[in-house]
């Protein structure tokens, strides 16, 4: 269902792009627009990950420089049968994370220092599982293509408007051409923006569900989303504000003013996502114990003692709701860090 909807929305964006090209230069303009889209997408396919990581000043880490964070990602990737992605840290106080890369073999995940400092190991695992789900679903490529096409539509729309519909004026239909230019300038970019946001919202729900399956506990991600949403919008993310086209990449919209689950939001409402994850937790009861190999009686409300290795030593507990905690009493065997060493300074 989600794949079909995404394919239909992408097809609509491509048709919209070609339509704007037709307004600019007739049938020739439509062909040129299609070729232009292909060129832009080819460039984005090979370079988008490098561009966005450089844009946010991300630095790569490994098992020596950030052992716990790296181990979480490695263990989750292995559980999802994915290649080991590159692991990055962004020096930003806003708790957030994203994934990028053209395919699972060339993927990367990035988490902010704010996220690593404020979340427990279990919550970080939930977030990273969500990002790995995006990689598994190839959402990173899908969103790159939609962002590229949306930007190209906006560019062509401006060009069509300033052309003033010249191809129609010679036939005494200047007004029709002007109307076409206005449509290209305002309606087409607006429609492309709505489609891009719709694709983003669709994929977030799918990544939440698959991420919960990867880590084995939907409540870890639900708790992480609650904390990120609670503190994220109080911290100004300068890079994201200057590059709003990348907002859809993050697990929570990094821009100020993100509100309800509407046509104009890049992400579903956090409350709706948490509710869906809680329902999934109920569905997974029993299956978690049978399939995940739980063997430690450590409640999720306890702090992850070795998670202070990540950065500053800040630690937080997970959900405080006793009814939620009591339903999930154990931590899976793969999430143990008793032998992790502190990162080298």
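Going from the start of the chain as shown, residues are counted 1 onward.
Every residue gets a Cβ built from N, Cα and C, even glycine.
Checking Swiss-Prot for transmembrane segment across the ranges 103-123, 124-144, 145-165 points to 145-165. In this structure the C-alpha atoms belonging to residue 204 (Zn(2+) binding site) and residue 131 (active site) are separated by 10 Å.
Of all the Cβ atoms in the protein chains shown, 29 others lie within 10 Å of the Cβ of residue 131 (active site).
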